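Database features (Swiss-Prot):
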type	residues	note
SIGNAL	1-36	signal peptide
REGION	127-316	region 'Disordered'
COMPBIAS	127-157	compositional bias 'Low complexity'
REGION	128-157	region 'Triple-helical region'
REGION	176-202	region 'Triple-helical region'
COMPBIAS	183-204	compositional bias 'Low complexity'
COMPBIAS	205-217	compositional bias 'Pro residues'
REGION	206-235	region 'Triple-helical region'
COMPBIAS	219-234	compositional bias 'Low complexity'
REGION	240-266	region 'Triple-helical region'
COMPBIAS	241-251	compositional bias 'Pro residues'
COMPBIAS	256-266	compositional bias 'Low complexity'
REGION	269-304	region 'Triple-helical region'
COMPBIAS	276-295	compositional bias 'Low complexity'
COMPBIAS	307-316	compositional bias 'Pro residues'
Amino acid sequence: MSEDLKQIAQETESLRKVAFFGIAVSTIATLTAIIAVPMLYNYMQHVQSSLQSEVEFCQHRSNGLWDEYKRFQGVSGVEGRIKRDAYHRSLGVSGASRKARRQSYGNDAAVGGFGGSSGGSCCSCGSGAAGPAGSPGQDGAPGNDGAPGAPGNPGQDASEDQTAGPDSFCFDCPAGPPGPSGAPGQKGPSGAPGAPGQSGGAALPGPPGPAGPPGPAGQPGSNGNAGAPGAPGQVVDVPGTPGPAGPPGSPGPAGAPGQPGQAGSSQPGGPGPQGDAGAPGAPGAPGQAGAPGQDGESGSEGACDHCPPPRTAPGY
């Protein structure tokens with residue numbers, strides 16, 4: 001029995017360790033999913049925004065270089081060969097500049113000999129015609145604030161009879177768009193405790209529960225103190241029915257010879273006490289039927305003279 005209990009305790013301990021390990025892993029995974037995933041998404045969005053800003057800046061600088069190149073080309077009067085328009089379409093060049101470059105593309109054959117003829121012959125570089133214009137790009141980031149302007153001219157002097165009054169500016173400032181929701185604030189302090197509620201009335205006593213099972217037998221108690229002596233008993237003479245005669249006892253041993261008695265008186269003594277009733281004798285033989293006798297006289301009332309005297313204890 002003890003070995004089974006030890007085995008059960010070991011299995012319980014091992015299961016408890018497994019359950020604790022599983023709960024710990026689940027908690028760590030849940031916290032990682034709640035904290036790490038939003039942080040990773042925010043970081044990726046930040047990287048994407050940064051790359052988008054850098055790409056837009058590169059496109060802006062490229063457009064500026066092309067504008068400088070065109071300006072220099074117009075000033076010098078020399079028109080050189082411009083690269084394919086398909087390459088600049090991926091860099092975000094505007095449709096107007098692409099149109100201008102496509103118009104001057106065929107005229108470059110007289111200078112460099114690299115352009116195709118206007119008669120519809122194939123281009124020497126093996127590139128096809130420019131494709132359709134792409135969709136407009138995303139809006140760029142807002143630029144920096146400009147330099148402060150020059151101070152304004154001084155206002156006119158007020159007249160002598162004019163009194164000073166409060167400034168009356170009249171600006172029509174439309175409401176701006178709502179900003180993004182801020183981070184939730186910290187939990188506020190606990191409020192003051194409320195007033196104590198009304199005390200309930202006196203509850204009514206419930207019904208008596210069912211009788212419980214009988215308890216185990218208690219230990220026997222110690223002996224009590226001795227009681228006071230009872231009142232002396234009273235002898236009640238109740239005539240009892242004579243019991244059956246006992247068996248005759250065995251004869252006792254012969255006694256020692258007694259002392260010689262005194263000379264008796266000439267007068268006989270009185271009758272001794274009546275002895276106990278003897279055993280009933282055996283029934284005699286049935287006699288002959290006698291002649292009916294004469295009616296006797298009425299007998300006297302019955303008495304107890306036929307009963308032996310009661311034997312009482314000494315002192316009664």
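Just so it is clear, glycine is given a Cβ too, placed from its N, Cα and C backbone atoms.
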Can you give the mean pLDDT for the region 'Triple-helical region' (176-202), rounded to a whole number?
79
What else in the chain is close to the compositional bias 'Pro residues' (241-251), if you only count residues 6 or more beyond its ends and a Cβ gap under 8 Å?
277, 279
DSSP helix, strand and coil counts for the compositional bias 'Pro residues' (241-251)?
0 helix, 0 strand, 11 coil
Using DSSP, break the region 'Triple-helical region' (240-266) down into helix, strand and coil residues and give each count.
0 helix, 0 strand, 27 coil
